[in-house]
Amino acid sequence: MRIANAMRIGDNRYKICETRFLMGTYVSITALHESKDVAEHATALAFEEIDRLAAIFDRHKSNTPVSELNRTGRLTDVAPELFYVMKKAQIFNNCSNGAFDATVLPVVNMLRNHANPNGRVDLNKSDLGEALALVDSKGLQISNRKISFDKQGMAVTLDGIGKGFIVDSASEILSANGVANHLINAGGDIRAGGERSKGQPWIIAIEDPAKKGNYPAVIQLKDAAVATSGGYEVYFDAEKSHHHVVDPRTALSPTQSLSVSVTARTVMEADALSTSAFVMDSQSSINFVNAQNSNECLIVKSSGEKLNSKNWNGLVRV
């Protein structure tokens, strides 16, 4: 699916907007430039980059490098982009004390295999123990463009970091082709490049996970990113107590928060930090984000209460 339009806006620039369905979500690019041709060409190149990188990171298609790694337990001549993201995943695993872990896929697969949309998910200790034993970022060997697992049955998902990297890469393509002012939204992973107009940052609405069209916050960003993590998209049981975001340390899906939104320099960082913070309790999430470098967060709790990091309100549009 492809939806595109172009219009001239008030400051003698063209605004190009294009949306495609990629990476399992709608990806929208807004590009601003004095030349319509330049904006359209840069946008096309950005979408080509998204397609290229998705073919590396997609774990759902059998012919991708990530799928090969999960199937065979080893990968040689690793693409530099995959090598970089895997190394970053280990860094985020360390800084989050295990709250972020790319090797959590065996637990997610176990929950999916026990899914009961009309009732409860019944987990026995044996299945739980076996899956948790395979969650081990220290069992990832990454060196000399080679990746391997220490344990048979280990598998990785880069869902909490890969899409962010892809959006960042598309943003870099736009800037490199003369379109410094742009906005990319990939299912809530958002990169704001430059400004929407002279001296004016981009305006980003943080969507309410419990109610479409409701926005608990509207923030302003310039050359920055925001990502939101939440368990409100895919549930494995009727009670909605098990969902697709899992604490890799316990195999449990956190229920204390509906969503966590984090701002950062890059979408990859915002993506990984929001995933990490979402599986923590609320105060630990706040402390974790406050301890990072120039990151802010908004937590929407299950009760509807909103909590934020120390400087979040400085981003809020008034």
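In case you wondered, yes, glycine gets a Cβ from its N, Cα and C as well.
TrEMBL labels come from automatic prediction, so no person has curated them.
Since this is a predicted model, take the numbers as computed values, not measurements.
Among G139, G153, G160, G162, only G160 appears in TrEMBL as part of the Mg(2+) site alongside D271, T275. Other C-beta atoms found within 10 angstroms of the C-beta of T275 (Mg(2+) binding site) number 25, with every protein chain shown included. Ranking the binding-site residues G160, D271 by C-beta neighbours within 10 Å puts D271 at the top. In sequence order, F100, D159, I161, G164, A227, S229, A272, L273, S274, S276 are the same-chain residues whose CB sits within 8 A of the CB centroid of G160, D271, T275, the residues recorded for Mg(2+) being left out. Look at T275 (Mg(2+) binding site): DSSP puts it in a helix.
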